[in-house]
Protein chains: 2
Amino acid sequence: MATSFSDAVKRLLVGRPFRSDHFRAEALPKRTAMPVFASDMLSSVAYAPDEILLSLAVSGVVALTVSPWIGFVLGVVIVVVVFCYRLTVRAYPGGGGDYEVATKNLGRRFGLAAAAALLVDYVLTLAVSMTVFSGYLAAAFPVLAEHRTLVAVAGIVLVTIAGLRGSFATRSVLGLPTYLFIGAVCVTILVGAVRIASGDVPEAATSGYAVVPEAHADTMLVGLAGVFIVLRSFSSGSVALAGVQTVATAVPRFAAPRGRNAGTTLVITGLLSALMLVGLTWLAGRVGVVYVADPERSLVTPAGLPVGEDFRLDPVLGQLAQAVFSGAPFMFYAVALIAALVLFVAANTAVEGFPGLASRLARDGFLPHQLATRGDRMTFTNGILLLAAAAIVLVVVARADAPQLIQLYLVGVFAAFFLGQWGMIRHWSARIRRIVSSPTRRRMHLNRAVNAVGLVIAILVLSVALVTKFFAGAWIAVVAMVVLYLGMGSIHRHYTRVERELAPDEDENDRRTLPANIHAIVVVTDVHKPTLRALSFARATRPTFMSAVSVAVDEDAADALAKKWDALELPVPLTVLDSPYRELVRPIMNHIGSIRRRSPRDLVVVYIPQYIVGRWWENWLHNQTVLRLKSRLLIVPNVVVATVPWRLRSFNRNRDSLLRRAGDIDSKALDTFR
Amino acid sequence: MATSFSDAVKRLLVGRPFRSDHFRAEALPKRTAMPVFASDMLSSVAYAPDEILLSLAVSGVVALTVSPWIGFVLGVVIVVVVFCYRLTVRAYPGGGGDYEVATKNLGRRFGLAAAAALLVDYVLTLAVSMTVFSGYLAAAFPVLAEHRTLVAVAGIVLVTIAGLRGSFATRSVLGLPTYLFIGAVCVTILVGAVRIASGDVPEAATSGYAVVPEAHADTMLVGLAGVFIVLRSFSSGSVALAGVQTVATAVPRFAAPRGRNAGTTLVITGLLSALMLVGLTWLAGRVGVVYVADPERSLVTPAGLPVGEDFRLDPVLGQLAQAVFSGAPFMFYAVALIAALVLFVAANTAVEGFPGLASRLARDGFLPHQLATRGDRMTFTNGILLLAAAAIVLVVVARADAPQLIQLYLVGVFAAFFLGQWGMIRHWSARIRRIVSSPTRRRMHLNRAVNAVGLVIAILVLSVALVTKFFAGAWIAVVAMVVLYLGMGSIHRHYTRVERELAPDEDENDRRTLPANIHAIVVVTDVHKPTLRALSFARATRPTFMSAVSVAVDEDAADALAKKWDALELPVPLTVLDSPYRELVRPIMNHIGSIRRRSPRDLVVVYIPQYIVGRWWENWLHNQTVLRLKSRLLIVPNVVVATVPWRLRSFNRNRDSLLRRAGDIDSKALDTFR
C-alpha cells in the first residue's frame, strides 16, 4: 500500500488498521479487569486526602483531629455506594451504567440528564487525573514543578494516543501499576502504624508548620461556619467516589458472568478504597501533615516565618511516604512515581469510557453521527479527540490546579448517581409487583432498601456539593451539563425530523417521473482548456438545451473573450451576461432564475471548471469566485452543480505524493488516476 | 431589491453601489488636490520634530542646540527631493510612481523591488499616521492616554470604512484640515518668533526637565558615537519625506496638465514642509522642549525628582502651542485636534494608494486576481481590507508606539526613492542619446543632474537608515519587502505558467471529440428522498452505464439498506461495496479506479446528494463524509462531481432570509428559487 510520511507517522503512533471481521473485544478475567477499571477509583486516594486537608486548612490545627473522622465517614459511604452499584451492574450488564438505568426506568429525559452528567464527568476524570499526575511527577522531579500545565497536557496527549491505538494488547501491563499502587499505599499505612504502635511516631516535614488564619478565622469551626467547613471538606473528599461509574460502564468487558464478576470487582475495589482512604487520613493526622492550596501565602514555618517562593508542598501521600520511610528516601520517589503511573491508567479509563458512551448516544441520535463510527483501529476516534480537546482546555484554563478542577467534578458524579439510584428503586418496585415467589420478593425488597440508602446518600452529597461548591466552580459543570442536555435534545429532534422528512413517499410517481428537459450551462471565465473540457463533458451528456455563459465584469475583457470564443468556432454559442455592478454571481443567478421562470420543472445542470492545485497557497490564486458561485447555486431548487476538475501542472508534478497524501486511495486505483 | 439586515448595515457604512458606466474618476484642480495628497507629507511635521529630539535625547541638553541644524539640513533635503519627484511625475504621469519608473528603465525585477518597498510603506503610513493621531487625541483628551492602541485601531477602522465608501464626494471637505494645519503650524511659529524677537521668550512646560543620561553618556557626542547619534536623529527626522510618494502616485487624479500640476503641487508642498520643519525645530530649541520615549524612566523634574507614573509628555507641536500661546490654553487643544484631523486625512491617502498599486500589480499578474477587481463602490475592497488588517497588526504589536513603528518606515521609503532616481537617470540618459536639439539636451542634462543629486541623497539616507535602524526594527521592514518581492515573483511565474498551460491547443481534435461513454454513479448512504432525487436526475441525463453504489461500513446497516432498495423496486441495481476497514471513501475510489481501468477514456459522473441546511450548526450533523468524498473525487481525471442539493425543511423554513442573506440574488430571480 502506498504510504506517505504523515501516514507513516500515524501508523507509528496508532498502529496498523484492524479489519472489522478480525475484531472481537476480549473478555477480561477479574484479575485483569479489576486493576484496569478500578484504577480510576483507587487512584483517587492519591488526591482525596489532600482535598480533605485543604478544605479544613482554614481551621488550623483542628484539621488534623477532624480529618480522620471525615475519612472514616467517607469510607463508610464508599462501601454503601459500591453495594448500590453492585446491584446496578448485575441488573444492567449492558455497560450503559446510569444512562441505561435512568433511560429504562425514568424515561428518556432523565436518561439524557444522566448522560450529560457522565460526559462532563469523563472530561473531568481525564483533566483531574492528569493534573494530579503532573503533581506527583513534579514531586519526584522538582524541575517539572514550574511546567505542571505542560506536563498535564503532555499526559493527556499521551493517554489520547494510547486510546487511539486501542490498548487491548497492553491490557495486562496496565494492571501492574494498580497492584503496585495498592501495595505501596498499604505498606505506607502499615509501616506507619507499626512505627506509631512502637512509639517511634514519624513526623511529617510540614508537621510544625502553621496555617495563616483567614480574615474571619476567629469564628471558624463555631456554629454554622464550622459545619460548612466540615461539610465542604467532606464533599471534597467524596471525589474518591468518582471512579465507581467507570466500573459500571465497563461491565461488557468482563468475562462471563459479566454482571456478577463486575459486581465482585466493585465491592473489592470499594473496600480497598475505603480502607486506604481511612488509613491515609488517620496516618496524616498522626504524623501531622499540613496541606494548603497556596503555601507561599498561607503557610508559615515553625519559626513563624513565611515559607518563601521556593517552598514545595508535596501531595499528602508523598509527605506520608517521606515521613514513614524517613530512613529510606528512595521510597518517596517510588511512591510518587507509582501514584503517577496509576493516575495515567485511571485517565485511560476515561479515554475508553467517554467515546463509548458518546457513540452510544450518537447511535441513539443524540450526538452527531461522526461520533458513532469507529476509526481504523476500531476505536471511536472522534470521541477520543473531542474528550482530549475538552480536557486540555480545562487543564490549561485551570493552570493544572487540581483543587480548582475538583470543584467542578462532584456535581456531575452525584447527579448521575442520584438518577441511577432513583432508577434502580423504580426498577425493583416494578419487578416486586410482578413477582410472587416470596424469597425473590424478599431479596428484591432488600435490594430496593440498599438503593434507597444510596439515593439518600446521593441526595445528601449532591446537596452538600451544590451548597459548598456552587460558586467555587460547580456552576461551570452545571452549565456544561445543561448545555449538553439541551444540545443533545435538539440534535435528536433534528435527526428525527430530518429522517421523517426524507423518508420516501408512498406515492410512486415521484420516483418514476424524470425532469422533462435538461439545461446545461457551462460557466466561462476564460477561453482555455478547462472551459473547453467542461464544454465537451457537458455536450457529451447530450442535454436538451445547452449554453455557455460568461459575465461581463469588465467590458473590454468581455469583448476579448467573445472574440476568442468565436475564433475557436465552438459548436455552442456564448451568452455574455451584463454586470453593471461588476458582480460575477448575481448575473448568473438571474440567468438561472429566468430559465426557471420559463420552465420550472426542468433540470438545470451548471458545469463549473475548477482548478486542482498542487500547493496549498495556490488556492488563494484561483477558484475563489468559483467556490462562492457554487455555494450560491446549491440553494437553487432543481439545480445540479457539476464540478469539472482540471488538474494544473503543479498538481501533476506533485501528483503521486498528493494522491498518496489523500490517504484513502489504494495503489491499484491510484495507478488509474495518474 | 430584497435586503437583509447585514446588507442594510453594509449600505449604511459604505453607501449604494456604483454602476460601472456611471463612474468617472473626477479630475481635481490643484487647490483641492494639493491639500488631499499633500496631507501625508505635511502631516509628518506633526511627528518628525519629535523623532529628531527623541534620538538626540541621550545626549542631554546638547540636543536643543543640535536639533535646529538637523531640521535645517532636512529642510534642504526635502526641497531637493521634491524637485527630483517633480521630474518623475512630469515624465510619468501614469501614477505608477517609482514602480513605473523602475520597471520601465531598470527592468521588471527592480520595478518589483520598488513595488514591494511601496506596499510596505503604505502599510506603515497608515499605521504611523493613526498611531500619532491617537497621540494627539490623547493630548487633547487625557482620558484616552491609556487606550492609545484602541484609539489607533478605531482610527484605522474609520479610515478603512471611508476608503470602502470611496470618498470622492467628500473631497473638498478633506482639504480643509490640511489648510487648517498649515495655518496652525505657521501661526505657532510666527507668534513664537515674534515673542522671541520682542524678548518675551516663551518657555516650554518641560524646559527645566533633565534627561537621565544612559550608561555611557560620558562618551556621548564624542567621536564616532556622537556622529552616530546625530545621523540617527537625522534619519529619524527624514520620516518627513515619506509622504512625497503619495503625491507621485496620485498624478492621474490631477486636472490636466496632470504632470505639470502634480509637479507644482509637489514643490509647494515640499517648500511648506521644509519651512514648517525648520521653523518647528528652531522654535523647539529656543523654548527648550524636551522629548523622550519613556518619560517615567528617563526624565527628571527641575528639582531632580523622577516625573512619576502619571506624567504626560505631549508631542513637540503640542508643547510648542502650549508654550507660545501660554495666554490662550484653548489654542493647545485646537492645534492638537487639527493635527489629529490632518493625520486622519493623511491615513486616507494610504487607503487610496495601497489598493491602487496592489490592483496594478494584480493586473500585471504579481498579486492574486482578487486584488484587481473593484467592489460595488468602485473601490478595491480586498486591497483596502488587506491594508487595514496589516496596519492593525502592526499597531497592536507595537502597542501604538510611534517611534518604534518609524524605525520600520524609512528603509522602504528610501529604497523606492533610490530605485526611482536611478531609473530617472537611465530615463534621461536614454533620451539624451536620441535628441539632437541642443536646448532640449541641455535641459535634460540638467534634469539628469537633479536626479543624480537625488540618487546620492537616497543612497546616503538609505545607508544611514540601514546602519542606525537596522537592528532597532528596520530589519522587519527589509524582511517584509524581501518576502513580498519573492512572493510576487512566484505568483507571477505561477500565473504565467498556468496561462501557457491552459491555452487551447492548435489541434482541433481535442475540442471536437467527446468522451465515448458516460458512467453515472449515484452515491447512496441511505434510501431517502435526496438519494431518489439524485437517482432520477442521473437517469434524466441518460448515461451509457448507470449504477447506484453504497459502502458497507456496517454489515447490518448495509443489509437493511439493500432490502429497502429492493422494496422500492428502483430501476437501477444497487452495488454494495465491501469496506473491511469501515472506510467510506476508499471503496468508492477503488470502484472508480476499476471503471477507469476498463475504459480509461470514458467519462465518470458521480452524483452526490448533499443536504442544504438552514442553521450553521446543522452542518456538523450532516454532509461531513460527503464533503471529504467530494474533495477526493476531484483529483481523479475524467471525473465530474455532480452535487445534487436537497434543501432540508430547516432551510425552507428560513428560506427567504437565507436566500436574501446570500446577497447577490435579485428578488426577481429569488422568486423562482422558492
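Each residue, glycine too, has its Cβ placed from N, Cα and C.
These numbers come from a predicted model, not from an experiment.
Checking TrEMBL for transmembrane segment across the ranges A:219-244, A:557-582 points to A:219-244. Under the criterion of 3 or more C-beta pairs below 8 Å, with sequence separation of 6 or more, the transmembrane segment (A:406-425) and the transmembrane segment (A:110-137) qualify as touching. Each of A:149-168, A:265-285, A:380-400, A:446-466 was scored by its Cβ pairs under 8 Å to the transmembrane segment (A:330-351), and the highest score goes to A:149-168. Residues 77, 80-81, 83-84, 87, 231-232, 234-235, 238, 241, 410-411, 414-415, 417-418, 421-422, 424-425, 428-429, 432, 474 of the same chain lie 6 or more positions beyond the ends of the transmembrane segment (A:446-466) yet place their CB under 8 Å from a CB of it. The recorded stretches the transmembrane segment (A:110-137) and the transmembrane segment (A:472-491) share 3+ CB pairs below 8 A when only pairs 6 or more apart in sequence are counted, and are therefore in contact. Among the stretches A:149-168, A:265-285, A:380-400, the one making the largest number of Cβ pairs under 8 Å with the transmembrane segment (A:69-89) is A:265-285.
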